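According to TrEMBL:
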type: COMPBIAS; residues: 143-159; note: compositional bias 'Low complexity'
type: DOMAIN; residues: 22-120; note: domain 'Phytocyanin'
type: REGION; residues: 125-159; note: region 'Disordered'
type: SIGNAL; residues: 1-21; note: signal peptide
type: TRANSMEM; residues: 161-185; note: transmembrane segment
Amino acid sequence: MAKLILLCLLAIFCFALTSHAATYVVGDTSGWDISTDIDSWATNKTFNVGDVLLFQYSSSHSVSEVNKESFETCNTTNSLTTFSNGNTTVTLSNAGKKYFVCGNKLHCLGGMKLQVNVLEDDKKSVTVGAPEAQPQPQPTIPKPSSKTNNPSSTGTPSSDAFINGGIGSLIIAFVFMVSTMFGLFQI
C-alpha cells in the first residue's frame, strides 16, 4: 500500500512539473475586435514558446500572421497564415517577434493588430515553458457577440492563463508501466 501511495505522489509531482504552457484569450472577454484595446491587453504579458493565443472574433474579422513590414503597413497580401473561422488558436512554437493583424485593412489601421515577443523557456526542461498560472476550469469559450469592452463578464477565462497538461501524462504512464514490470505494486 505504501508503494502505491508513493507512486501516486510521484505521478502527481511529475504532472505538476510539466504543466506550464499558458493559453491567452486575446482581448479577454472583448475578444479580437476593433473596440478592444489590443495594445493595452498585451502590455505586461510575457509570452513563452509553447503558449497559445486564442483569437475569438465575428465573421467581419480575420486573423493574419504577417512579417514586421506588413504589420506596420497593415498589408495582408503576403500573409504567413490567415484564419477566418472565428475561433483561432495559434501555438507560439518558436522564439522571436510575432505579428498578427485583422484582414480588414481599416480595422488594422484602427489598431486591430497584435505584436508579441515570444521568449525561450528559461527553465531549459523537456517541456515548453510559460508564465505560472493558477489552474482554472476550462469552460466552453463562447464567441464574443457584443463588444462592450466590459471585462466584468464571468465564465470566460481571462488572459491570466489557464494550465494545459504537458508531457506529465506520458511520464505517469511510463512510471506505472515500469513499476508494474518490476512488481512494485499489485493491482
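We count from 1, first residue shown onward.
Each Cβ is built from the backbone N, Cα and C atoms, and glycine gets one as well.
TrEMBL labels come from automatic prediction, so no person has curated them.
Here the domain 'Phytocyanin' (22-120) returns a mean pLDDT of 95 for the predicted model. Using DSSP to sort the residues of the domain 'Phytocyanin' (22-120) gives these counts of helix, strand and coil: 19 helix, 36 strand, 44 coil.
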